[in-house]
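**Student:** One structure coming up, written as structure tokens, with questions to follow.
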Amino acid sequence: MKYDHLLVRYGELTLKGSNRKKFVNQLRNNVNKSLKGLDGFVVKGKRDRMYIELEDHADINEITYRLSKIFGIKSISPVLKVEKTIEAMSAAAIKFAQQFEENSTFKIDVKRADKNFPMDTYELQRELGGTVLKQIENVSVNVKRADHEIRVEVRLDAIYMYEEVVPGSGGLPVGTGGKTLLMLSGGIDSPVAGMEVMRRGVTIEAIHFHSPPFTSDQAKEKVIELTRILAERVGPIKLHIVPFTELQKQVNKVVHPRYTMTSTRRMMMRVADKLVHQIGALAIVNGENLGQVASQTLHSMYAINNVTSTPVLRPLLTYDKEEIIIKSKEIGTFETSIQPFEDCCTIFTPKNPVTEPNFEKVVQYESVFDFEEMINRAVENIETLEITSDYKTIKEQQTNQLINDFL
């Protein structure tokens, strides 16, 4: 079947009332950005849905795949746009039915948005179903459990007919909910947290704490790859890599061993808080999950949060670990996250970290040294990368160049 349009259904945009135009425009921008590099299509965003007009050479499978990854889209259907006549509808219905397997069942489903169309819903269903039965052998009607469902939408401008409905990612268009800073480690949780807030229309930039030589270049490349996977959904993402060695060593030098984990995370939060204001973000996002590890008890969260007045969003707070793993696999970050390269959260880990840190104690331990200068230096020396869906690390670029030189 050669389709001439893609029908794109909005997710929660129908709930946005007078603000819908803003959301539709943002979604259209996101669609154009996602489809960059492809040709043979025209995007037409309307109030209640979006249509993508396809030329003969358009790669419909690739376009549909990319659309399915965009937040704010509920579903996509390849459709035939036909004239508003029963003859045109009947001809299209026969085209669909010609692809049915022998002895299969079908039904006709009609939605009539144009109430002025001369035939009502039931008349159209009977007429089109009867035409298929007359023209196609060895098929029958089953309105309850049909093998195939020919869907017909009678709209003001034309009639759209389709069978397939491809699920989208749902949620809201990224760019409609403000900007946040994602604390991105190399673990399973934080990429999922980033994906969850993006699903709610939020733009992210990411911050990662790198402690060479204690953390390797492979650990850094792992985080770049996680960012690249997230960027497949939303376009380029800025990744801010913080040189954290100096701060981390000083924490381990002056803070009681049982409190180093708490203090280290407080330093991360102080750095993140400064960056939030620089980039114009409204909140910090992390992958913390209540009660999983010593740093993620309520006592720890209280002690760590105290260094910032910026809202800290924890999308995974109440998830079971298995739920997070399932989501990680669904979004494609799991295999990268489990690569065995240590990040700065796993080095210098005390054998017996305090699970209910006393806030006054951690402040007292940190008071013996003025960390502000080190924090400012870490912020000043941040390395910022813009990660796209086709981003390649320096190592990958060098490898490709060697291959090209060899060939």
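Note that Cβ sites are derived from N, Cα and C of the backbone, with glycine treated the same way.
Feature table excerpt (Swiss-Prot):
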DOMAIN    61-165  domain 'THUMP'
BINDING   Met183, Leu184, His208, Phe209, Arg265, Gly287, Gln296  ATP binding site
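Each of the listed features needs to be described in terms of its position in the shown structure.
**Tutor:** The residues of the domain 'THUMP' (61-165), classed with DSSP into helix (H, G, I), strand (E, B) and coil, number 35 helix, 33 strand, 37 coil.
Here Leu184 (ATP binding site) comes close to Ser190, Pro191, Gly194, Ala206, Ile207, His208, Val223, Leu226, Thr227, Leu239: these same-chain residues lie at least six apart in sequence, with C-beta atoms under 8 angstroms from its C-beta. Look at Leu184 (ATP binding site): DSSP puts it in coil.
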**Student:** What three-state secondary structure does DSSP assign to Gly287 (ATP binding site)?
**Tutor:** coil
**Student:** Since the record lists Met183, His208, Phe209, Arg265, Gln296 as binding-site residues, which of them has the fewest other Cβ atoms within 10 Å of its Cβ?
**Tutor:** Gln296
**Student:** Let me know how many other Cβ atoms fall within 10 Å of the Cβ of Gly287 (ATP binding site).
**Tutor:** 25
**Student:** Taking every residue in the domain 'THUMP' (61-165), what is their average pLDDT?
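**Tutor:** Result for the domain 'THUMP' (61-165): average pLDDT 95.
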